[in-house]
Amino acid sequence: MSHKPKTEHENNKLHKRLRHAVGDAINDFNMIEPGDKIMVCLSGGKDSYALLDILRQLQSSAPVDFELVAVNLDQKQPRFPEEVLPTYLESIGVPYKIVEEDTYSTVKRVLDEGKTTCSLCSRLRRGILYRTAKELGCTKIALGHHRDDILATLFLNMFYGGKLKAMPPKLVSDNGEHIVIRPLAYVKEKDLIRYAEIKQFPIIPCNLCGSQPNLQRQVIGDMLKDWDKRFPGRIESMFSALRNVVPSHLADTELFDFAGLERGQTLKHGGDLAFDSESVPERFSDGLDEDEGEVKIAKPRKVFNILDNRAKG
Ligand code: SF4
């Protein structure tokens, strides 16, 4: 990874942007309440280091008190550098717990060699982390997923699952016992990469288990990166769409009462435009990038539809 020199001014801007993005997500979703004890899941990757770092900064200036406890699950993967996380956590003075469970051997025993082991591995990890949160008396579990993880999940679900479903910034855990929060929900992965370089977090590589990468997720990740380069503003616009859902203009009969529609009914998002096409704004701003000014959205290029009727002359 290249380490481009960054000016102090740029670093300060990045720092401010991250702090604001995390603060806004926490406020918008009421992620943290007074007296909370938050278990911050630390994998040793850039995202969870940044999550812990920014939460600690907010903790020191927040008008309410809350506790943080960092938890790492040592899955006994070969060459896992056991000393890295305790050394780091002690150096910054954060309460922590390292949970040692050999899920690595379990996964290898159960699955055939060469298969993607991630789904079983993450199911086991989830169970252990839920149990740990209970043992520690934590009221919230904080995960380091960021904006681009959320969008990648949206596309995975659309492409392969037939569902309009992403990864929520806050939800009850699947066993109903915990509140899971994702304070990095508004944060761009690009910013986390830069932040990890600046802060020199002691990153632990994520390929120690030797599992084959999830190809579908990788393809979608590449697609999003490509779009981000070619169509500035598209990623921001897509994430904004997740926060501006219009059930009356989708097709889910459980979300909107299509059957009971009546003439003269006032609809929050307007009625049907019949033959007129939707107007597309030329500029887009999600309000998260005040430091960078408004993000321009590329004008849609004119394309033809072979099924359109030729204009009668
Ligand atoms: S990459 Fe390895 S450690 Fe990570 S979820 Fe997959 S199997 Fe588990």
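Placed from the backbone N, Cα and C atoms, the Cβ positions cover glycine too.
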Based on TrEMBL, name the residue from CYS206, CYS209 that is recorded for the same [4Fe-4S] cluster site as CYS118, CYS121.
CYS209
Of 43-48, 73-78, 265-270, the range TrEMBL tags as motif 'PP-loop motif' is 43-48
Look at the binding-site residues CYS118, CYS121, CYS209 and tell me which residue has the greatest number of other C-beta atoms within 10 angstroms of its C-beta.
CYS121
Long-range neighbours of the motif 'PP-loop motif' (43-48), counting only residues six or more past its ends (CB under 8 A):
72, 84-85, 143-146, 184, 189, 192-193, 195-196, 201-204, 206
Taking the motif 'PP-loop motif' (43-48) alone, what is its mean pLDDT?
96
Using DSSP and three states only, what is CYS121 ([4Fe-4S] cluster binding site)?
helix
Under a three-state DSSP reduction, the secondary structure at CYS209 ([4Fe-4S] cluster binding site) is coil
